[in-house]
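K.L.:
So TrEMBL lists the following for this protein:
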BINDING   H36, Y221, Y222  Fe cation binding site
SIGNAL    1-24  signal peptide
Amino acid sequence: MRFPLVHPSLALCLCVALAGSVLAEEKELNLYSARHYQTDEALYSTFTRQTGIKINRIEGKEDELLERIKNEGANSPADILLTVDAARLAAAHELGLLAPVKSKRLESRIPANLRADDWFSFSTRARVIVYAKDSVKAEDVQNYADLADPKLKGKVCTRSGSHPYNLSLMASIIAHQGEARAEEWAKGVVANFARAPKGGDTDQIKAVAAGECGVTLANTYYVARLMRSDKAEDKKVMEKVGVVWPDQKGYGTHINVSGGGMLKHAPHKQAALQFLDYLASDEAQRYFADGNNEWPVVAGVKVSNPALETLGKFKADTLPVGSLAMYRAKAQVIFDRAGYR
Ligand code: FE
C-alpha cells in the first residue's frame, strides 16, 4: 500500500497548527455560577494554576442563570453551570440545558444518590434547627415537625418560603409524609411566626441570638461560618444559640447540595470536562469543606475544619436529592396556600 508523500516538516507543521487551535479553544472556561461564597476564589484559581485554563466567571441568582442560559440557546457561551440546591440542578436537566457526561472518575467518586447523567453534586450541606438557649428547650425542637407545634407560638423565624433551601426541605417533607401533612406543617409554622420572613439564614441566627425569635432553620455552612468567625459579635451570637440535628430518630436531617454540569452548547467541552473532574479531586473537595464549611461528597477526603468537627456526625436523610425536584412546584403551592411568603 502506498501513502501519498508528505514532507515530514509539513506534517509537523500541520500537527502543531492543529494542536495550537485546540489549545486556543480550550484554554478558557466560561463558568456561570450561583455560588456566592468568597472562599471559592481559591477553588477556581487552583484549577487555573494546574491546567492553564482561565475561568471567566459570571455570577447570578439561580433562576436568573437558568433563564439566561435558556434564552442564549445555541449561542450561549456558558460551559459550566454551578449552582446550589438539588432542585435547581434537576430543573436545568428538565429544561434540557445540560449535556450528559460520561466520566469514570465522577461515577466512582460521587455517590449515586448525589448525581444524575448530566449533573453532579460536589458538596453537601444540612438544614439544621438553631434555637435560643435561654428561651427554648432543646428537647422541644428535635424535629422539623416541632416548628409547627403550638408550644412555639410567636417564636419561629425563617427566611422566605420561596427560597430554594426551604422549598427543598418542604419537598422532602412531601416526599416522606405526603401533601396533606406537609400543608398542615406549613400552616403550623406560619402560625408560630415571630415575624414575617425576611433576610437570609445568617440574619435568622442573629435574630434568634438577639431574642427577636426563639428558633429558626439554617444551612450548616452559615452556622459553621459564625462558629469560625473572629468577630466578637459573632462569638456572642454563637454563645446564645444551640444547634440541633433534626429528625435523628426519623428520616434523618434534610441535606441539600451544591453541584453542576456541562451545558449542551458548551463551546469549551474539553475544558468543561476537566473542570468537572477537578471539582471531584481531593484538593477541590477540601476547598468546599475548609473554605465554605460544606461536606465533601467524595468519601475519605481529609478535611481540617474545626467547625465541622465540632458540629459532629449526624444521620442524614438518604432521599436521592434529585427527587426533591419532583415536589418543588407542589412545595411552592403549599407554602403559598399556607401564607408562608
Ligand atoms: Fe447559601
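Even glycines carry a Cβ here, placed using N, Cα and C.
Whatever TrEMBL says is automated annotation, not expert-curated.
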K.L.:
Enumerate the residues of the same chain, H36, Y221, Y222 excluded, that satisfy the criterion Cβ within 8 A of the mean position of the Cβ atoms of the recorded Fe cation site; list them in sequence order.
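P.N.:
Everything else in range on the chain: Y37, R125, D201, T202, N219, R225, N292, N293.
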K.L.:
So if I draw a 10 Å sphere around the Cβ of Y222 (Fe cation binding site), how many other Cβ atoms end up inside it?
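P.N.:
Excluding its own Cβ, the number within 10 Å is 20.
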K.L.:
Counting only other Cβ atoms and using a 10 Å cut-off, which of the binding-site residues H36, Y221 scores lowest?
P.N.:
H36
